[in-house]
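**Q** Found this in TrEMBL, in case it helps:
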- 31-92: region 'Disordered' (REGION)
- 68-81: compositional bias 'Low complexity' (COMPBIAS)
- 114-139: region 'Disordered' (REGION)
- 126-136: compositional bias 'Basic and acidic residues' (COMPBIAS)
- 208-232: region 'Disordered' (REGION)
């Protein structure tokens, strides 16, 4: 597989995986007892396997496999819980020029979190940084789910999630506005799906934040009651 075709595969694979893994959190039930997360989807959980070859100005076309788990009837997100399998492009696909110019997009929205989390890269240091950040977010989520996070930590976590989804929506909108008519129908659909998933996550953030704060207050009250019972 050529470098161009590999990056083409990774561009939307990273974007879709970011939205898909994050969608798990939308319907993640609040814990009834202290527990840690199976994974943050941070990035959130997005997959940290995306990559931008240095100096490559044009994003390649994605080639996604067909073997992602099927979703529940009526739930377009349930079947996206995990990274989509990525199939190598056919020779014809590899030879086809892809219209998205990542460098031009980055100049337009340089501070967008897409570049920090899923912009194509093959830099080992950058990939390690992303992995470390994902682990840190995972630990933060574990504290939130167990009710041991502070209010400041809860607010910081959900503030970040709000910005993440807004940035991914902005990125997808820009791609569609600049290149939508040139993109293959499948690719347009993936960008549109990413926007829908992140819009749904944004709607859920206030409820998730409130649940986390309520869980913390209940844990704090339980600890106070436990200490009071043991005082002479």
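Backbone N, Cα and C define each Cβ position, glycine as well.
Whatever TrEMBL says is automated annotation, not expert-curated.
Computed from a predicted structure; not experimentally measured.
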**Q** Within the compositional bias 'Basic and acidic residues' (126-136), count helix residues (DSSP H, G, I), strand residues (E, B) and coil residues, in that order.
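**A** Looking at the compositional bias 'Basic and acidic residues' (126-136) with DSSP, the answer is 11 helix, 0 strand, 0 coil.
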**Q** Quick check on the region 'Disordered' (208-232): DSSP residue counts for helix, strand, coil, in that order please.
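**A** Helix, strand, coil within the region 'Disordered' (208-232): 23 helix, 0 strand, 2 coil.
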